[in-house]
Structures are given as structure tokens and as C-alpha cells.
């Protein structure tokens, strides 16, 4: 019996490894269980019987009206993720409408499971994202005008600020049916239960009184 060349075996192993993968997570956590009576969840959503689907399953009307920007941030994000738009299930995309009062801010946040591409429909927005430590937390920022498009890479902290004197409107597409959202200030200072003040004072190099003040604030969610 002839032995296969080593190079062929290496190639076969590499090919098998390349085609082996885990599915991308579609929610924050999905803990394995052997107890089927405790409730069964899947990575994503269960699918409706295709024979029972209708055109309405693929229609989302939540962008027809402006979002209410009368809040501390002066902005409102209306999401069309799979929870609001069931027809997106398994398709790997979603959208959002972003309304801004003058001076309104969509505060620094990240989407852990999706890249975002944003187009300005009205107004003027200052936008930006910050890279990871690998690139020394570099800030990439631009002022966007009507018709401009900007992309925020997956997982990176980013923001949008209306620097104009008028209302601003933008729409975003995201590369996941459930891209997730972590608003940085809310997560750090509004965590429940709260993160230890010892951790935050050392991490931010500030006095405990500052941390206590920030943790006592109401961290508004504009989604």
C-alpha cells in the first residue's frame, strides 16, 4: 500500500479546518443545557412554517414617522432588528432610523455582532469610530452632509452628533439580524448590579466621589 505524500495530508487537514466553523452568535449568551424541560432556545429565532408566511412578514412600517427626540440625548434610534421585523430572520441584515434634534447625540456605543453603514438624509452629523488597542485607539472622524455615507466596522465604539442648527435624519444598515447594542456610559456606570467603585476609580483614575456621582445618574437609552 502506497503512503500519501505528507504535503497532500497537510493540505487535506488544512482544508478540513478551513471548512469547520461555529455559527456566529446572534444573542449575548447561549448557555448549553441537557435539560430540555428548562426551556429550549436556539441561536437566533425559530422559523415559521414557510407555508404560513405572508407578505406582511417581510414588511416593516416603523420608519414612517419621526422618532421622539424630546429626551436628554436629543436623539431617537428606531430599530428594525429581527425582534421588530421577523422577516429578517436568517438573512444577516437589519436597519435603523436615527432622528436628531439640533445638538442631539447618539452616544458612544458598539454593535458587537454587526458592521454599520450610515447614510445622512437630512442635516449635518459629526461621526466617528475608535479603533482597538492594536491601532492605538485611533479616532476616525468626519463631518457628514446630506447624501454622505460612512461605515463603522463591527465591534468598534462609534457615535453620531448633530452639529447643525436643524433636525437631522439618517438611516443605517447593519450586517446582522441582531447586531446588539452596548452604550458605553450606560454599561459602565449603569450596570446592574453596579461595577465595584474600586474597579472604576482605578480604571478611570478618578476620585471615588466622581464614580459615585456617575453611578447615581439615570442613564437614558435612546433606543
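Even glycines carry a Cβ here, placed using N, Cα and C.
Under the heading oxalate binding site, TrEMBL lists 106, 111, 116. The Mn(2+) binding site feature in TrEMBL is assigned to 109, 111, 116, 158. Annotation source TrEMBL lists disulfide bond at 30-47. Annotation source TrEMBL lists domain 'Cupin type-1' at 61-212. Look at TrEMBL and you will find 1-20 tagged as signal peptide.
Around the Cβ of residue 106 (oxalate binding site), the number of neighbouring Cβ atoms within 10 Å comes to 27.
Residue 47 (disulfide bond) and residue 111 (oxalate binding site) have their C-alpha atoms 24 Å apart, to the nearest angstrom.
Take the mean position of the Cβ atoms of 109, 111, 116, 158, the recorded Mn(2+) site; other residues of that chain with a Cβ within 8 Å of it are 110, 114, 129, 152, 156, 157, 179, 181. The binding-site residues examined here are 109, 111; by Cβ neighbour count within 10 Å, the least packed of them is 109. Rounded to a whole number, the C-alpha distance linking residue 109 (Mn(2+) binding site) with residue 116 (oxalate binding site) is 12 angstrom.
Around residue 116 (oxalate binding site), the same-chain residues six or more apart in sequence whose CB sits under 8 Å from its CB are 151, 152, 158, 172, 173, 174, 175, 179, listed in sequence order.
Across the domain 'Cupin type-1' (61-212), the prediction's mean pLDDT works out to 96.
Other than 106, 111, 116, the residues of this chain whose Cβ falls within 8 Å of the Cβ centroid of the oxalate site are, in sequence order, 96, 109, 110, 118, 152, 158, 160, 172, 174, 179, 181.
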